[in-house]
Amino acid sequence: MPAPLRRLASALAVLATAGALVWGLMLLSPVDPARQILLAQGDPAPAPAEVDATRHELGLDRSYPEQYARWLTAAVRGDFGTSWRTGDPVAAELAGRLPATIRLTLVALLFATAVALALALPGLERPGGPADVFARGLVFGGSALPVFAVGVVLLEFVVVGAGIGRVVADGTWSGALLPALPLALGIGAEWARVLRGGLRDALGAPHSETARARGAGRLRILALHGLPHAAAPFLTVAAMSAGGLLAGAAVVETLFTWPGIGRLLITSIDAGDLPVVQAIVLLGVVAFLAANLLAETLTAAIDPRRREKR
Amino acid sequence: MRNRSLHVGAWLLVALAVIAVAAPLLLPDPDRVDYTAKLAPPGATHLLGTDRLGRDLAARLAAGARTTLGSVGAVWLVSVAIGLLAGTLSALAGRLAHETVARVVDVALALPQTVVALAVAGAIGPGMWQLVFAMSATAWAPTARLAHTYVHAARERPDVLAARMAGIGTVRAMAAHVLPGASARVVVVATLGVGQLILSLAALSFLGLGAQPPTAEWGRMLADSRHDVIAAPWLIIAPTTAVFLAVTAVSLLADGAREHIDPGSRSWPRF
């Protein structure tokens, strides 16, 4: 099997296992889904016969493997059942919230790239010099700073205190600038750490020394000898940070009342609305797997040595 | 030994642990509510000031250190113990055990830790021990993979082969020649993840999914007093500094320890 297909197959295998685990969360929950859905749809005291009918309709009277197969085929089609909180289809709730989160995440990733470059490039030529020490200190400090603290500072001191921006965010592109900052700082610092390490190794390597000795300019060395070498480990770490995006988005969206899936997730956890939690968690896993698949493919394209392995 | 980050990190961590343990002897009860002293600034009676319920901030910070160090320590212990056990045994056992563990590790590595924590909180409810359970469920995977690779490679190492040829049994040869190196690496990799773990636990507690009131926890403390931070800035400075120092301490310690056992290497996994 060619390498890209093998990577896709293994990602799908992991996704199937993750799907089984996410479905299994329902078994851990003490709530009766049929009754819960009837309650959410406005029936204050569902009759036992009604509950049984709904249970049959949902397929909850079948065996567990059958239930999982039904849940999985529905999930693949984008149907995650009915919310226990609102009684509406989960897919509709997600669809309404997803664009805002995508906007926030894209702006945050853009900022993170800027932060990573700004912290990775200074002082590379003179290791141990003031610019190098300063940038390294910022990278180290930035990755130890909690996202929520940066968010609280921005919200309470900048938005409420100084009156810049909006307290209740509306989910638009321009509204995303401020909430994206705390999300971007942590990710950017982590990216900068890896990028710095990669660049320092690449620029100190013999091929860069040779290029320098032959009179190549700083930009040329950076672009041809530095960045391509630093790209592979950077992409790997960048994809790993997709795993923390959901939790980060949950923090920022909750703070800034951003109408995205992160806040919906926290609301749903508080309300015990398991179908919505399942859908968002699965979405988080899919995003993580997709990011890693993309990174592996790009890495293999950039670095021929990685093509043979695995 | 000129390994500054190892030393600074270790001393910082020891200082934090001492504060966490000694605080109950020196500071007031962290849960004692005193409405006559609410939002009091730092001073002689309240070293770091008080929150909106008049609870002593210094005492709550120290109690939060106990919460954080306790839960992080539990996850760390699981990832060291299970990782070492699963990795070593699967490297020594037959092909079936090897493949089984490798597949489970693949899945555990592919699941983002905080997403798993959110899922568990959604299914069985919020709480610090629920988070510890959820974080441990994936935390052992990187250590298991590392231990597996190390032990597997060590089976063909000259010193191990020499020991085997001298008539020493597998178990003893492994225990004497391979286990020390494997455990050192496992401990370092487990520690490399702790900084991120502290940040994640604090963030999840900030969201109300971790420590429940009245338990003091740094993220939760900031969440509870976030509307008071303009009037009482010490309420944001103190818990943020605490998280920052704890993360810095373990990061320095882990980086220093890695440098100590494997100088010049930057290619270790960090999760």
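Here the Cβ of each residue, glycine as well, is placed from N, Cα and C on the backbone.
Caution: TrEMBL annotation is automatic and unverified by curators.
Features reported for this protein in TrEMBL:
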type     : residues  : note
DOMAIN   : A:98-295  : domain 'ABC transmembrane type-1'
TRANSMEM : A:100-121 : transmembrane segment
TRANSMEM : A:133-160 : transmembrane segment
TRANSMEM : A:172-192 : transmembrane segment
TRANSMEM : A:230-256 : transmembrane segment
TRANSMEM : A:276-302 : transmembrane segment
Give the one range among A:100-121, A:133-160, A:172-192 whose Cβ atoms make the most pairs under 8 Å with those of the transmembrane segment (A:230-256).
A:172-192
Positions whose Cβ lies under 8 angstroms from the transmembrane segment (A:276-302), at least six residues beyond its ends:
3-4, 7-8, 11, 14-15, 18-19, 22-23, 25-26, 75, 80, 83-85, 90-91, 93-94, 228, 231-232, 235-236, 238-240, 242-243, 245-246, 261, 264-265, 268-269
Are there residues at least six beyond either end of the transmembrane segment (A:172-192) with Cβ under 8 Å to its Cβ atoms? List them, or say none.
103-105, 107-120, 135, 138-139, 141-143, 145, 147-148, 150-151, 154, 158-159, 164-166, 234, 237-238, 241, 244-245, 248-249, 251-253, 255-256, 258
